[in-house]
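Undergrad: The domain 'GST N-terminal' annotation in Swiss-Prot covers 1-88. Taken from Swiss-Prot, the feature glutathione binding site covers Y7, W8, W46, L47, N48, E49, K50, N59, L60, Q72, S73, and the record attributes it to similarity to another entry. Under the heading domain 'GST C-terminal', Swiss-Prot lists 90-208. The substrate binding site annotation in Swiss-Prot covers Y116 and rests on similarity to another entry.
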Amino acid sequence: MPMTLGYWDIRGLAHAIRLFLEYTDSSYEEKRYTMGDAPDYDQSQWLNEKFKLGLDFPNLPYLIDGSHKITQSNAILRYLGRKHNLCGETEEERIRVDILENQLMDNRMVLARLCYNADFEKLKPGYLEQLPGMMRLYSEFLGKRPWFAGDKITFVDFIAYDVLERNQVFEAKCLDAFPNLKDFIARFEGLKKISDYMKTSRFLPRPMFTKMATWGSN
């Protein structure tokens, strides 16, 4: 029986999960919910089902895999990572995965808060000012490794790809000073399962955010 991934019909928090499901050749189907237009941003498609799915903490995204019903995007990725043994093999690798997972989510939320803020244009220069320092830390952490944990890909590379590429869309030149990060993105997109998925109609790189966002809603 295929897994079910539920989320809005946007990139959002599901991008890394979708990429991981494709990379692992998982059997899954998507339940994509559509939000209404301004000014009401009707969410009834989701709200009508929210408390009927048996989720402990009803939210989007969710993954249903048989009796396992999971919310929180990173919990979903960790579950899938364990299922496919892609969480790091040594203690050092697992520590690197844990650190980067949380660091990436911090940075993801900073960008999301900016893009949903009504004062986006006023706040954008401040974000761009600190972006090179943020990217430098990722570049130093990756070093000469092919993947962030080491020689083998882990679930955190899927989050890293999402966050780095999202920032690259936001500011096209933000990775120009960090060739190892650009190489990482090219390496990730060059994975056969990923490149094949990117050519399908299921691939959803945009919109980045919901219709309520000031930037990235189309």
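Placement of Cβ uses the backbone N, Cα and C atoms for every residue, glycine included.
Structural setting of the listed features?
TA: The local packing around L60 (glutathione binding site), expressed as other Cβ atoms within 10 Å of its Cβ over all shown chains, amounts to 19.
Packing around Y116 (substrate binding site) is summarised by its Cβ count: 16 other Cβ atoms lie within 10 angstroms of its Cβ, all protein chains included. Taken residue by residue with DSSP, Y116 (substrate binding site) is part of a helix.
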Undergrad: If one looks at the chain holding W46 (glutathione binding site), which residues at least 6 apart in sequence have a CB under 8 angstroms from its CB?
TA: W8, Y33, M35, L60
Undergrad: Under DSSP, the domain 'GST C-terminal' (90-208) has how many residues in helix, strand and coil?
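TA: Output for the domain 'GST C-terminal' (90-208) reads 83 helix, 0 strand, 36 coil.
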Undergrad: Pairwise over Y7, W8, W46, L47, N48, E49, K50, N59, L60, Q72, S73, annotated as binding glutathione, what's the top Cα to Cα distance to the nearest Å?
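TA: With Y7, W8, W46, L47, N48, E49, K50, N59, L60, Q72, S73 as the binding residues for glutathione, the largest Cα distance is 21 Å.
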Undergrad: Taking DSSP three-state, what's Y7 (glutathione binding site) in: helix, strand or coil?
TA: strand
